[in-house]
Amino acid sequence: MDLSRAEKLESQNEVQQQPRKGTSFLRTCFNGLNALSGVGILSIPYALAQGGWLSLVLLFLVAVLCWYTGLLLRRCMDTHPLIKTYPDIGEHAFGYKGRAIVSVFMYVELYLVAVEFLILEGDNLDKLFPNMSFKLAGMKIGGKQAFVVLTSLVVLPTTWLKSLGLLAYVSAGGVLASFILVICIFWIGAVDKVGFNESGVTLNWSGMPIAISMFAFCYCGHTVFPTLCSSMKDRSKFSMVLLVCFITSTISYGSMAVMGYLMYGEHLKSQVTLNLPIKKLSTKIAIYTTLINPLTKYAIITAPIATAIEEKAVFRNSRSLSIFIRTALVISTVIVALTIPFFGYVMSFIGSFLSVTASVLLPCLCYLKLNKAARRFGLESIVIVSILVAGLFIGVVGTFTSIKQIVNHM
C-alpha cells in the first residue's frame with residue numbers, strides 16, 4: 001500500500017496509540033460469543049434433520065474452517081497497524097475496489113441479520129399474543145407487524161451505545177440467554193418426558209445444501225471480528241478470544257442439534273421452539289429466552305454499519321447526529337422486516353451466499369494477497385486453496401437451493 005493510501009486510511013481510522021484504553025479479554029469474549037451464538041441456535045436441530053446424523057460432521061468442519069479464516073483476518077490486521085475494520089483489510093489487499101466489495105457483502109449480511117432478528121421477534125410474539133394491536137400515528141397496527149415495531153422500540157436505545165465495552169454487558173445477557181435455552185431444551189426432553197427417542201436418518205443428500213447453509217449462518221461473525229480485535233486493550237490475545245468463542249459456540253450448537261433431533265426427529269420445524277409443548281413452564285421459559293436473545297444482539301450486529309455511516313458524515317463527533325443515524329438505521333430495518341415473509345429461506349440465503357463469501361472466501365483471498373509466503377506452494381497454500389474450493393461449492397449450491405425455495409413459495 002502506497003504512502004498516500006496509508007495516509008488516507010490513517011485519516012479514516014484515527015488510530016489511537018493508547019494501550020490502556022480498550023475492551024478487556026473477557027468482554028471481547030462476550031461480544032464474540034454474542035455475535036456467533038445468534039438465532040441460528042433455534043434452527044440448528046432443523047438443519048441436522050435436513051442433512052441427517054452424518055451432517056453433524058459438517059457442523060464441526062464448518063466450525064474449524066471458520067475459526068481458521070478468523071485467524072487469517074487476524075493475520076491480515078497484523079500486516080499494517082492502521083487496519084481496524086474488515087473494509088480496511090479489503091482496501092489494504094485490493095485497493096478501493098477491494099474495500100467496496102468487502103463493504104457490500106459485510107454490511108448487507110449484517111443488515112439482513114438485523115432484519116431477521118425483528119422478523120423472529122414478530123413471529124414468536126404473535127404466537128404468544130395473537131390478538132394484540134395498537135395505534136400509531138392514527139393507524140391501527142396488529143399481529144406480527146405490531147410486535148416488529150415494538151421490538152424496534154426496545155432495541156433502539158441499545159444501538160445508541162458506541163462503546164463495545166458497554167455493549168459487552170448487553171452481550172453477556174445474550175450469552176446467558178443462549179445457555180438458558182439449551183438447558184430448557186434438555187429439561188423438556190429429560191424431565192418433562194418428551195424423551196430422546198427419535199432415531200432420525202443417517203444421511204439425507206437432498207437436504208444437505210440447506211443444512212450446510214444453516215451451519216454457515218451459525219458462524220457468520222467474521223464481519224464483526226476486526227472491529228472486536230481493534231477495540232481490545234491487547235490485540236495479541238484476540239487469537240485466544242477466537243478459540244474460546246468457537247469452542248463454546250460449537251458445544252452449544254452441537255448440544256442443541258443433537259437434543260432437538262433426538263426429541264423430534266423428522267418432525268422438527270424450522271425453529272425448535274415451535275415443537276415444544278406449550279403448556280409446560282420450561283417451554284415458556286425457552287420461548288421468552290428466545291425473544292430476549294435477539295434483543296441483546298441487535299446493537300452489536302448493527303454497530304459496524306452505523307460506524308461506517310458516521311465516519312462519512314460531516315459532523316463525525318456529533319452525538320446528536322450519531323443518534324439520528326442509528327435511529328434511521330433501525331427504522332429502515334423495520335420497514336424491510338415488515339415486507340419479507342420467509343424467515344427460514346432468508347436465513348439459508350444469508351448463510352450460503354453472504355456468510356460463505358464474507359466468512360470463508362474473502363478472508364482467504366485477502367490473506368493470499370497480503371502474504372506473499374502464503375502464495376508459495378506448501379501446506380498453508382494447499383489448505384487455503386482447498387477452503388476456497390469448498391466455500392465456492394457450498395456458496396453456489398446453497399444459494400441456488402435457497403433462491404429456488406423462495407421462488408417456489410412466493
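These residue numbers are counts, starting from 1, taken along the chain as shown.
Cβ coordinates come from backbone N, Cα and C, glycine included.
According to TrEMBL, the features are:
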DOMAIN    22-401  domain 'Amino acid transporter transmembrane'
TRANSMEM  25-47  transmembrane segment
TRANSMEM  53-73  transmembrane segment
TRANSMEM  100-121  transmembrane segment
TRANSMEM  141-159  transmembrane segment
TRANSMEM  166-190  transmembrane segment
TRANSMEM  210-229  transmembrane segment
TRANSMEM  241-265  transmembrane segment
TRANSMEM  285-309  transmembrane segment
TRANSMEM  321-343  transmembrane segment
TRANSMEM  349-370  transmembrane segment
TRANSMEM  382-403  transmembrane segment
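Proximity of the transmembrane segment (25-47) to the transmembrane segment (382-403) is not established, fewer than 3 Cβ-Cβ distances being under 8 Å for residue pairs spaced 6 or more apart. Counting only same-chain residues 6+ beyond the ends of the transmembrane segment (141-159), those with a CB under 8 A from a CB of the stretch are 117-119, 121-123, 125-126, 129-135, 167, 170, 294-296, 298-299, 302-303, 306, 326-327, 329-331, 333-334, 337-338.
Sequence-distant contacts of the transmembrane segment (285-309) (same chain, six or more residues past either end, CB-CB distance under 8 Å): 31, 34-35, 38-39, 41-42, 85-87, 103, 106-107, 110-111, 113-114, 117-118, 120-121, 124-125, 128, 151, 154-155, 158-159, 161-162, 164, 167, 170-171, 173-174, 177-178, 180-181, 184-185, 188, 223-224, 227, 271, 273, 276, 322, 325-326, 329-330, 333. Between the transmembrane segment (349-370) and the stretches 100-121, 210-229, 241-265, 321-343, 382-403, Cβ pairs under 8 Å are most numerous for 382-403. In this chain, the transmembrane segment (53-73) lies apart from the transmembrane segment (321-343): fewer than three C-beta pairs between them fall below 8 angstroms, excluding pairs fewer than 6 positions apart.
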